[in-house]
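Remarks on the structure that follows.
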């Protein structure tokens, strides 16, 4: 007799919707308690930060090898936290694959410490800050007739700050609307229509989103934005609005990467790292860039004068994570061999779909903030022109948690 496999849905929106596991046993049936000790929280999330960075580069390399003509933009924090939450309900090899694929070695870091790290990471990112808007959220949509394991529900709520909603997946259109409305609201309207089609046999959907809006510490002036050429490749050139500012920047040239490295701070704790390779050196940059180099860029401060040109852009990318995560060894959870018995005992589960959508907007202000004028003293010698007028990399990094929030490559700024 054929085994009946019920579907779980995983959606990520710089954002992710997924199916979770039960690690309640490892955590002794109780979620890690919240703490007001900021230094303790930082220490917990710092333990998983190197793993998140390595995971980010693993995903980036997979996407880059798939296509060198497309924009790339994703949130490693969103994807990793969603699948770590899924691991709370996974058993056996399914459980092992997920944590190993995320870059964790349980002989080096106990599983309870991994989940505590994510708990404190999400808690820290969600701290109110009037200077920037950085929010993350997890929503668990459960079919009205489904009975989920209590310890799983407890752990996803306490560890991953997940909200739980009862929903009728048989009414696929209404269920789709509720999930999309939840994501759109949580992402401040930046991520819409994440779910295009919803299988009525779905038992649960786990949605994770992360949304960021930041103000540049030193905004660009709109009057200096002009239309200029952006060279997509040797045959293709497009016109883009190019922001411009003459001043002092955290900017240096990296011989190893044959690239300019620019760090622009947002008001608050987020830094944008832009990496512009020399002509014909994009492959060299992608092959050699790693967590260790990124850490060095973020640690050392440079002060260089430059005439900077940076394109205004608004891009979004959507990924089916089944193939992406297969490249890092996470496969069983999508197959009929999946063991997600920590989520429900009633029937076998597998993740039928894992979607991730991320959106990026770069403009003069960074957000709706009122622009300001900055006056800076620069050397009398003519500063170099550094113009991001060809494909470049972009990494948004949270200094509090030492985590890469978003990673991307801009190949064509006009591709929405």
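The backbone N, Cα and C atoms fix where each Cβ goes, glycine too.
Predicted, not measured: the structure shown is a model, and the values here were computed from it.
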Pick from 371-390, 391-410: which range does Swiss-Prot record as region 'RCL'? 371-390
DSSP-derived structure type at residue 269 (N-linked glycosylation site), helix or strand or else coil: coil
Just name the winner among 68, 105, 269 (the glycosylation sites) by count of other CB atoms within 10 A of its CB. 269
Using a Cβ-Cβ cut-off under 8 angstroms and a sequence gap of six or more, which residues of the chain neighbour residue 143 (N-linked glycosylation site)? 167, 168, 169, 202, 203, 204
In the three-state DSSP scheme, residue 68 (N-linked glycosylation site) belongs to coil
If you measure between the CA atoms of residue 68 (N-linked glycosylation site) and residue 269 (N-linked glycosylation site) and round to the nearest Å, you get 31
